[in-house]
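According to Swiss-Prot, the protein has these features:
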| type | residues | note |
| --- | --- | --- |
| DISULFID | Cys6-Cys55 | disulfide bond |
| DISULFID | Cys20-Cys44 | disulfide bond |
| DISULFID | Cys29-Cys85 | disulfide bond |
| DISULFID | Cys45-Cys103 | disulfide bond |
| DISULFID | Cys57-Cys114 | disulfide bond |
Amino acid sequence: SVGTSCIPGMAIPHNPLDSCRWYVSTRTCGVGPRLATQEMKARCCRQLEAIPAYCRCEAVRILMDGVVTPSGQHEGRLLQDLPGCPRQVQRAFAPKLVTEVECNLATIHGGPFCLSLLGAGE
(Lines of atoms letter the chains of each structure in order from A; the text may use other names.)
(Lines give C-alpha, C1' and ligand atoms only; values in the text may rest on other atoms or scores of the structure.)
Protein backbone atom coordinates (compact mmCIF):
# COMPACT_ATOMS: atom_id res chain seq x y z
CA SER A 1 0.00 0.00 0.00
CA VAL A 2 0.99 3.63 -0.34
CA GLY A 3 1.30 4.05 3.43
CA THR A 4 3.68 1.16 3.91
CA SER A 5 5.90 2.07 0.96
CA CYS A 6 6.60 5.60 2.28
CA ILE A 7 9.40 4.43 4.54
CA PRO A 8 13.16 4.94 4.24
CA GLY A 9 14.68 2.34 1.97
CA MET A 10 11.51 1.88 -0.07
CA ALA A 11 9.85 4.85 -1.84
CA ILE A 12 11.85 7.25 0.34
CA PRO A 13 15.67 7.10 0.44
CA HIS A 14 17.43 6.49 3.75
CA ASN A 15 17.77 9.77 5.71
CA PRO A 16 15.82 11.71 3.07
CA LEU A 17 16.28 15.35 2.19
CA ASP A 18 19.71 15.87 3.75
CA SER A 19 20.24 18.80 1.35
CA CYS A 20 17.05 20.38 2.67
CA ARG A 21 18.43 20.45 6.22
CA TRP A 22 20.88 23.24 5.38
CA TYR A 23 18.48 25.04 3.07
CA VAL A 24 15.86 25.17 5.85
CA SER A 25 18.32 26.51 8.45
CA THR A 26 19.71 29.08 6.01
CA ARG A 27 16.26 30.17 4.84
CA THR A 28 14.81 30.47 8.34
CA CYS A 29 17.78 31.81 10.31
CA GLY A 30 20.62 32.62 7.93
CA VAL A 31 22.86 29.92 9.42
CA GLY A 32 24.53 27.06 7.57
CA PRO A 33 27.20 26.45 4.96
CA ARG A 34 28.47 29.24 2.74
CA LEU A 35 26.73 27.97 -0.39
CA ALA A 36 24.50 30.23 -2.41
CA THR A 37 20.94 29.93 -1.11
CA GLN A 38 19.67 29.31 -4.67
CA GLU A 39 22.07 26.37 -5.09
CA MET A 40 20.98 24.90 -1.75
CA LYS A 41 17.34 25.34 -2.75
CA ALA A 42 17.98 23.63 -6.11
CA ARG A 43 19.64 20.65 -4.39
CA CYS A 44 16.82 20.37 -1.87
CA CYS A 45 14.13 20.58 -4.55
CA ARG A 46 15.91 17.93 -6.66
CA GLN A 47 15.95 15.55 -3.70
CA LEU A 48 12.30 16.22 -2.94
CA GLU A 49 11.30 15.88 -6.61
CA ALA A 50 13.01 12.45 -6.77
CA ILE A 51 10.59 11.15 -4.12
CA PRO A 52 7.17 9.99 -5.42
CA ALA A 53 4.48 12.67 -4.96
CA TYR A 54 2.51 10.44 -2.59
CA CYS A 55 5.52 10.20 -0.21
CA ARG A 56 6.78 13.81 -0.25
CA CYS A 57 4.86 14.93 2.85
CA GLU A 58 6.10 11.88 4.74
CA ALA A 59 9.68 12.64 3.64
CA VAL A 60 9.31 16.19 4.98
CA ARG A 61 7.87 14.80 8.23
CA ILE A 62 10.88 12.47 8.56
CA LEU A 63 13.20 15.44 7.97
CA MET A 64 11.36 17.28 10.75
CA ASP A 65 10.75 14.56 13.32
CA GLY A 66 12.49 11.36 12.26
CA VAL A 67 11.14 7.83 12.12
CA VAL A 68 12.01 4.39 13.43
CA THR A 69 12.15 1.97 10.49
CA PRO A 70 10.71 -1.56 10.67
CA SER A 71 14.28 -2.79 11.27
CA GLY A 72 14.54 -0.53 14.34
CA GLN A 73 16.85 2.09 12.81
CA HIS A 74 16.33 5.76 13.68
CA GLU A 75 16.39 7.95 10.57
CA GLY A 76 15.79 11.58 9.80
CA ARG A 77 15.07 14.29 12.37
CA LEU A 78 17.78 16.33 10.74
CA LEU A 79 16.43 19.63 12.01
CA GLN A 80 18.27 20.43 15.23
CA ASP A 81 18.57 23.43 17.53
CA LEU A 82 21.40 25.56 16.18
CA PRO A 83 22.90 28.68 17.78
CA GLY A 84 20.40 31.43 17.01
CA CYS A 85 18.10 29.05 15.14
CA PRO A 86 15.69 27.01 17.26
CA ARG A 87 14.45 23.70 15.85
CA GLN A 88 10.82 24.86 16.14
CA VAL A 89 11.45 27.75 13.74
CA GLN A 90 12.91 25.30 11.21
CA ARG A 91 10.01 22.84 11.75
CA ALA A 92 7.53 25.64 11.03
CA PHE A 93 9.21 26.31 7.68
CA ALA A 94 9.87 22.71 6.53
CA PRO A 95 6.29 21.93 5.35
CA LYS A 96 6.58 24.95 3.03
CA LEU A 97 9.26 23.14 0.97
CA VAL A 98 6.58 21.70 -1.35
CA THR A 99 4.75 25.03 -1.83
CA GLU A 100 4.71 27.11 -5.02
CA VAL A 101 7.15 29.67 -3.59
CA GLU A 102 9.70 26.98 -2.77
CA CYS A 103 9.89 23.71 -4.80
CA ASN A 104 6.31 23.80 -6.22
CA LEU A 105 5.78 20.04 -6.10
CA ALA A 106 2.54 18.08 -6.00
CA THR A 107 1.94 15.80 -3.02
CA ILE A 108 -0.52 13.08 -2.06
CA HIS A 109 -3.02 15.93 -1.56
CA GLY A 110 -2.95 16.82 -5.28
CA GLY A 111 -1.21 20.16 -4.98
CA PRO A 112 1.87 21.84 -3.53
CA PHE A 113 0.93 21.46 0.14
CA CYS A 114 1.03 18.95 3.01
CA LEU A 115 -2.29 19.05 4.83
CA SER A 116 -1.00 16.60 7.44
CA LEU A 117 1.84 18.95 8.37
CA LEU A 118 -0.01 22.27 8.51
CA GLY A 119 0.48 23.72 11.96
CA ALA A 120 3.21 21.17 12.73
CA GLY A 121 5.68 23.89 13.59
CA GLU A 122 3.48 25.58 16.14
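Including glycine, each Cβ sits where the backbone N, Cα and C put it.
Projection of Swiss-Prot feature records onto the structure.
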residue	record	CB count, 10 Å
Cys6	disulfide bond	22
Cys20	disulfide bond	26
Cys29	disulfide bond	16
Cys44	disulfide bond	23
Cys45	disulfide bond	19
Cys55	disulfide bond	21
Cys57	disulfide bond	22
Cys85	disulfide bond	19
Cys103	disulfide bond	21
Cys114	disulfide bond	23
Statement: Listed disulfide-bonded residues Cys6, Cys55, Cys85, Cys114; those within 10 A of Cys45 (disulfide bond), CA to CA, turn out to be none
Statement: In the three-state DSSP scheme, Cys29 (disulfide bond) belongs to helix
Query: Taking Cα atoms as reference points, which of the disulfide-bonded residues Cys20, Cys44, Cys114 is nearest to Cys103 (disulfide bond)?
result: Cys44
Message: Nearest by CA distance to Cys55 (disulfide bond): which of the disulfide-bonded residues is it, out of Cys29, Cys85, Cys114?
response: Cys114
Field: Cα proximity to Cys44 (disulfide bond), best match among disulfide-bonded residues Cys6, Cys29, Cys57, Cys85, Cys114
entry: Cys57
Message: Which one is it, among the disulfide-bonded residues Cys20, Cys29, Cys57, Cys85, Cys114, that lies nearest to Cys6 (disulfide bond) by Cα separation?
response: Cys57
- prompt: Of the disulfide-bonded residues Cys20, Cys29, Cys85, which one sits closest to Cys114 (disulfide bond) when you measure Cα to Cα?
  reply: Cys20
Among Cys20, Cys29, Cys85, which are recorded as disulfide-bonded residues, the nearest neighbour of Cys57 (disulfide bond) by Cα: Cys20
- prompt: Cα distance, Cys85 (disulfide bond) to Cys20 (disulfide bond), nearest Å?
  reply: 15
